[in-house]
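Novice: Here's the feature list from TrEMBL:
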- 30-41: compositional bias 'Low complexity' (COMPBIAS)
- 121-246: domain 'AMIN-like' (DOMAIN)
- 25-119: region 'Disordered' (REGION)
- 1-21: signal peptide (SIGNAL)
Amino acid sequence: MMTRSGRRMTSLWLAGCLAFAGCSKKEEPTAAPTGAQPQPEVQAPPTSPPLGTIPREGEAAAKPPVHTASMGDEEVAGAPPSETEPPSDAPTGDAPAEDPKNREWTTTPVSMKRRPAQSVTLRSVRAGTHADFDRVVFEFDGPQVPGYQLQYVDKPIIQCGSGDETPLAGKGFLQVMLTPARGHDDQGRATVAALEMKPKLPTLLELVRTCDFEAEVTWVLGNKAPTDFRVMELRDPTRLVVDVKH
């Protein structure tokens, strides 16, 4: 039978063991709260440009790059298609192909007869100068240039609808007749904003629309003199180009 003093010694011994175990126990790491997401690693910026790009150097390196927007294969900010390229000789549908002789310089009448199912709409007329000639471009909707007839005419220059005479600068009046064609939409509004232009180029001084009636559209070019001209058909977009020599 254990005495009171023996029990006291046993209690002291157990207390000492527990104290020693508590001091030697290692601290467990604090667990992350439930539901916390791990933080992503921050990657250092690349030291070289992406594949297929050109390094920006000098002052340009401090400026943001310029991006070019595009629609399909065509850049929005790109230059318009060239109007000096050779025209295509391929016919569109049942329409006859362009006559290569029409691209030769001449002062005699030039014509191409075509009869598409419906009138071709004229969308724009513009003029500019080149090294040895001035150029007028007639641009159309659709894939095919309408029929055309070009020839020098005498004054007076007459408006087909009213019969009124139209004053026109120059001494050589090159008439460009397009048929079947129209220069207005289904509501009767003109599709070409300016019906008279005065570019005052080396040869081409003025041009005016004289007819848009019964599938005929006619413009007359007022040149300094009845100089040689040539005609070309271009595609994408559809254009008829008229050049007059300086």
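Keep in mind that glycine also has a Cβ here, set from the backbone N, Cα and C atoms.
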Novice: Quick check on the domain 'AMIN-like' (121-246): DSSP residue counts for helix, strand, coil, in that order please.
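Specialist: Going through the domain 'AMIN-like' (121-246) residue by residue, I get 0 helix, 72 strand, 54 coil.
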Novice: On average, what pLDDT score does this prediction assign to the domain 'AMIN-like' (121-246)?
Specialist: 97
